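Here is what TrEMBL records for this protein:
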type	residues	note
SIGNAL	1-23	signal peptide
DOMAIN	34-147	domain 'Plastocyanin-like'
DOMAIN	160-314	domain 'Plastocyanin-like'
DOMAIN	399-534	domain 'Plastocyanin-like'
Amino acid sequence: MALSRFWGWFLIHIALFLSLCYAEDPFVFYDFEVTYITASPLGVPQQVIAINNKFPGPTINSTTNNNVVINVRNKLDESLLMHWSGIQQRRSSWQDGVLGTNCPIPPKWNWTYQFQVKDQVGSFFYFPSLHFQRAAGGFGSFIINNRPIIPIPFDTPDGDIVILIGDWYTRNHTALRKALDAGKGLGMPDGVLINGKGPYRYNDTLVPDGIEYETINVHPGKTYRLRVHNVGISTSLNFRIQSHNLLLAESEGSYTVQQNYTSLDIHVGQSYSFLLTTDQNASSDYYIVASARFVNESQWKRVTGVAILRYSNSKGKASGPLPDPPQDEFDKTFSMNQARSIRWNVSASGARPNPQGSFRYGSINVTEVYVLRNKPPETIDGKRRATLSGISFVNPATPIRLVDQYKIKGVYKLDFPNKPLTEPPKMETSVINGTYRGFMEVILQNNDTKMHTYHMSGYAFFVVGMDYGEWSENSRGTYNKWDGIARSTTQVYPGAWTAILISLDNVGVWNLRTENLDSWYLGQETYVRVVNPEATNKTELPMPDNALFCGALSKLQKPQDVSSSLATSIIEGRSKLFFTVLMISSTLFLVSR
């Protein structure tokens, strides 16, 4: 009788304890087994990177303020880091998954990421950040849903659909890497994939027979949320759906002013949510197209992804020519004007109840200014390298965040120039010294001949201006100081500039890079180091217990028992919780007697 009474108490207090722990900030758990598999997305068998035997990888589905735990098992033959693009990692750059903050996960090891998606909503994606691996796959969607108490600024859609688009080569990522190491370019991609699949055979000459293509099934008279991500290597893509409008609603965690587009340019690393209303007569299936932009389109026709939108009452297969892309191959203003039209919905609530526009970025005084200029790759010390402001970044053997933690001297320099160097380019580990709670203006000047996109970890920055030519201080007169979109990845047109504003309120070491994978691999990146002079766990979490060590700290790394390492930290965490609940319940039971 006493035993049954105890277990009654125990179960009641488990429920109470779990509700107290998780009611506000629940946990979601994922297990990623990262392996090579053979696939033929463009009809040629090749090695791709799969997660849980899936290519692309599974969607991470979370809600604002969830604690996300992802155990990654590296079954590749080289080291691995997973990067959560656009996830701000508030107070925890330890979890960002890039070389400036994390030691790589060795082959046959596992490592568990744990972070909170604090005060965020929206559409993001993840990918492997080392060794050019993104060119082989390993990517997937990362969704952060609104909490039920925060309304979304549109009716609840009838469905939620992820679309991953990106240019693709039939050469393995190791062969692409070797080409870059040898001072060569990558050449034209072999095609564009949509959700890991090749194009529908819309043209018998351009598309060989037997290629598997993506089909998206919908019902008539419904509205669907499409989350579209360009996870490719270096090609901007124009996205469109035959005979349908795309109502833009969100971009990388910010709700936008809702506008209809017949097509939209989506640049490497960018993410958008569209609302698609299935209001056509379904006389046949419809083409979904992602085609290369800012290239010689007559020569790049094969670099086109085609999927199928199929109504449940469709009367036949799609046929005939694809819907036209923008007719602006020689008009460089159309795409930029389209980009300028994407604006922040200042009256909508984001992750918090207050409107997005309550943060009046346009009235904050700028404390530091950096002009970052890129050029076409150039030779430095006999190697073909890419630069920012004349510096080609060299990743140190010991990550910058660990260097700071252990006060190791001489690994990097806090001397990144606020204006481009006038001297010859150089290879260095040079970092931007950001001021905690400062307000930084960054001008991204693209003096290359191709489109670039730039991403900053840890933040959503405000895109306040872009134009062709060289930026000058007079350019500030054109800035949008009211409803410029807040996002983590922005395009910079060739021969043009883009200006962004960043509120440096997130302590850590944060990667600022081009998303063009070839230029990133060749050194076009840096880090922004943001330090609170008063050390406190309120602004930065402690180094995680499972931190990996490498470089100058490699002697601190304990060997991992590969045979028993599966989800060790998750199991330990759940065990600790169980025994904590058991002790509390036992104590309460004894006291009650």
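Backbone N, Cα and C define each Cβ position, glycine as well.
Predicted automatically and left uncurated, TrEMBL annotations should be read as such.
Here the domain 'Plastocyanin-like' (34-147) has, by DSSP, the following mix of helix, strand and coil residues: 7 helix, 52 strand, 55 coil.
Remark: secondary structure over the domain 'Plastocyanin-like' (399-534) totals 17 helix, 59 strand, 60 coil, with classes taken from DSSP.
Confidence across the domain 'Plastocyanin-like' (399-534), taken as the mean pLDDT and rounded to a whole number, stands at 97.
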